Ligand SMILES: NC(=O)C1=CN([C@@H]2O[C@H](COP(=O)(O)OP(=O)(O)OC[C@H]3O[C@@H](n4cnc5c(N)ncnc54)[C@H](O)[C@@H]3O)[C@@H](O)[C@H]2O)C=CC1
Ligand SMILES: O=C(CO)COP(=O)(O)O
């Protein structure tokens, strides 16, 4: 049997951390080709192309400094070359860029290939609703797309600190291949067929993380933050119940993609950090993202806006007061200090 060729589309903070794992695993596992192309959105770093720096030093000095990538990882700045003959495509770019990348790849991928999305966020659907990123990938590439979401702060994963993750995949054979490719002694994979729930959890937790950051910025303490996390979880569950797979499993929310990712993001994530600074400095998210993240991207405020507009169109905003309040704070419509008044009469308390 011929070996499976893997390509990684994305080389940011998480993209580089997952490249470290995948690059090492393909060295050991005979079913995969011993070279993994990693698509790099080209930029200049200290006067030199980032893709050249990565290939010469085996380090993504901008997005994952101080970590050596395995030599099996090859940085490729040309998207189509990066995915040439790929059997497994791992998508790990900020959600804002998915449609553009999908358009470029349409018609260029083997019809036997499979995709795995690590992207947390939604896309805006035609007509104003929201669309799952995995659907966008499948629509453009005409191949099935599984998802991987979990409590996985990239820097900690790259440090090889123990954590778990969740792969959502409909096909048990594909599930096994993906697990073999991704799992390590310190990165433990649980698979489930409850795919939509896994993906929706990954997107929505970024909204809740903004709420946690606002709470920190207001110095509201640990109990309030815990309440925000809990109410966030309840809104996430309701969101899946109302808009997604009626056969979803409540137990999926107790996997790494659910409660664990909420906790880690609400304590250690970029959305939390910038949301705290939003309150403390009074500056807007665009400025804070540029100043604090060195090219990395926030997903929370944009996802909050997308979800809010969808809820409003469906006349459902009152059922999701936390999501609504977070969006209104992000765009300056209400003050951060109004957050608690917005959730005091939460449906969970009625
Ligand atoms: N960083 C983390 O700890 C984790 C991130 N994620 C998710 O993974 C996804 C990717 O995040 P990161 O790898 O952290 O990325 P990042 O936040 O480091 O984003 C920057 C990346 O976007 C690229 N980029 C900029 N403009 C672009 C364009 N026009 N087209 C394509 N790429 C462009 C940059 O070159 C860089 O590679 C996101 O959905 C995020 O929510 C998931 C788990 C952990
Ligand atoms: O998804 C993440 C951890 O699982 C990272 O969250 P942030 O994007 O808020 O850093």
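Counting begins at 1 with the first residue displayed.
Placed from the backbone N, Cα and C atoms, the Cβ positions cover glycine too.
If you look up TrEMBL, you'll see 6-173 marked as domain 'Glycerol-3-phosphate dehydrogenase NAD-dependent N-terminal'.
DSSP assigns residue 270 (NAD(+) binding site) to a helix. Summarising the environment of residue 270 (NAD(+) binding site), the number of other Cβ atoms within 10 Å of its Cβ, over all protein chains shown, is 23. According to TrEMBL, the NAD(+) binding site annotation covers 10, 11, 12, 13, 14, 15, 97, 154, 270, 299.
The substrate binding site annotation in TrEMBL covers 120, 270, 271.
As annotated by TrEMBL, domain 'Glycerol-3-phosphate dehydrogenase NAD-dependent C-terminal' applies to 194-340.
Look at TrEMBL and you will find 205 tagged as active site, proton acceptor. Every protein chain shown contributes to the tally, and the Cβ of residue 205 (active site, proton acceptor) ends up with 32 other Cβ atoms within 10 Å.
Among the recorded positions listed (120, 205, 271), 120 has its Cα nearest to the Cα of residue 14 (NAD(+) binding site).
Sequence-distant contacts of residue 12 (NAD(+) binding site), defined as residues of its own chain at least six apart whose C-beta falls under 8 angstroms from its C-beta, comprise 63, 92, 93, 94, 295, 296, 297. Among the recorded positions 14, 120, 205, 270, 271, the residues whose Cβ sits under 6 Å from any atom of ligand 1 are 14, 120. With a cut-off of 8 Å between CB atoms and residues at least 6 apart in sequence, the same chain places 41 near residue 97 (NAD(+) binding site), listed in sequence order. In the three-state DSSP assignment, the secondary structure recorded for residue 205 (active site, proton acceptor) is helix.
Here the binding residues for substrate are 120, 270, 271. Their largest Cα to Cα distance works out to 13 Å.
Confidence in the domain 'Glycerol-3-phosphate dehydrogenase NAD-dependent C-terminal' (194-340), given as mean pLDDT, stands at 97.
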